Amino acid sequence: MPRKRNSKTSPAASPIKSLSPAQASATAAAPAAIEPTTSASDRGDLNRFLPNHIPAIVHKQSWVQNEWQAFLTGIMFFTRLPCPPWVDHNLYWISQSTVYFPVIGVIVGLFGALAYSIGNLFWHPMVGVFASTLATVWLTGAFHEDGLCDSFDGFGGGWSRSDILRIMRDSRLGTYGCIGLVLVLGTKLTALSLLLVHESIPALATPLVLVVGHVMGRWACVYLLFAHEYLDDAGESAPGKHFVLHVTKSRLVVGTVSAFAFVLAAMALAPGGLVVPRLAVVWVASSIVTVVAGRYITGILGGVIGDALGATNQIVEVVGYLCLAMRPWEEVVARILG
């Protein structure tokens with residue numbers, strides 16, 4: 001029998017997780033979802049077009065306080081880390097938190113790096129690889145893996161747009177979802193084992209390897225929310241959620257710069273060798289995969305849906321690890337030439 005999984009009422013398998021009673025009451029007390037008052041072409045500037053729907057506290061707090069609340073909302077949105085009771089799932093704050101998605105990726109990646117270090121210290125690097133994956137899945141509540149399974153079920157088993165959306169709304173796990181999860185997790189574990197175990201990269205590069213994938217995976221969500229229409233679980237345009245979840249150009253730029261800055265920092269801190277050029281390849285490959293995934297999803301569904309964001313996150317992360325674990329070009333050419 002297929003097992004039940006998390007409810008798919010959240011905006012992105014990715015957005016809102018199942019709420020505790022306390023969180024549910026806080027969310028109920030929060031301002032209603034923002035409804036658009038302008039055309040889709042004007043949806044980028046919340047402050048200009050929806051002043052009456054912005055929480056009143058925004059105007060009472062300093063810029064630093066507002067950004068801090070947005071950051072903490074992102075932490076609650078993506079992880080199990082405890083947050084103050086005044087942080088909730090208000091859609092306005094979720095929209096503002098998108099700029100911090102890559103930073104949250106750093107936190108998740110460092111948590112995985114810590115788990116790897118403990119497993120490697122007491123047992124073996126391979127134990128560390130499994131420990132790091134388990135740690136990041138636990139910390140995020142298998143948030144993105146849930147979207148990955150739903151997307152594989154929908155796109156694998158659906159013959160039409162309506163079929164795909166119907167399957168993705170089903171809370172049960174299907175054959176394609178099982179296969180997709182096994183393949184993606186298996187590829188992730190294999191790539192990390194090749195990189196961290198067999199190549200024995202220097203200890204300083206280990207956390208960089210684990211963090212880069214998480215940073216780029218979350219940057220992919222920021223880009224897709226900016227570049228594509230957001231749909232609700234029924235496949236209809238979700239104007240209120242789309243408007244508030246739509247990433248403004250300024251926040252996309254800041255999110256992209258922060259992700260790129262981390263990759264540059266990783267290249268500067270990496271102890272040389274093959275790690276540095278591979279980090280550059282990670283950025284290029286992740287960007288290409290994100291753009292292609294967005295066009296593919298939109299071409300079929302007419303926009304992006306939460307589960308598809310979670311799936312793209314996971315695929316981009318795995319692509320990053322594969323780029324870091326690939327053979328040197330000289331060896332590849334030598335193998336081709338025989």
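One is the number of the first residue shown, and numbering goes on along the chain from there.
Here the Cβ of each residue, glycine as well, is placed from N, Cα and C on the backbone.
TrEMBL does not curate its annotations; it predicts them automatically.
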TrEMBL annotation (transmembrane segment) - matching range among 280-298, 318-336: 280-298
Contact between the transmembrane segment (99-116) and the transmembrane segment (208-231) (3 or more Cβ pairs under 8 Å, separation 6+): yes
Surrounding residues of the transmembrane segment (280-298) on its own chain - C-beta under 8 Å, 6+ positions past either end: 212-213, 216-217, 219-220, 223-224, 227-229, 260, 263, 267, 304-305, 308, 311-312, 315-316, 319-320, 323-324, 326
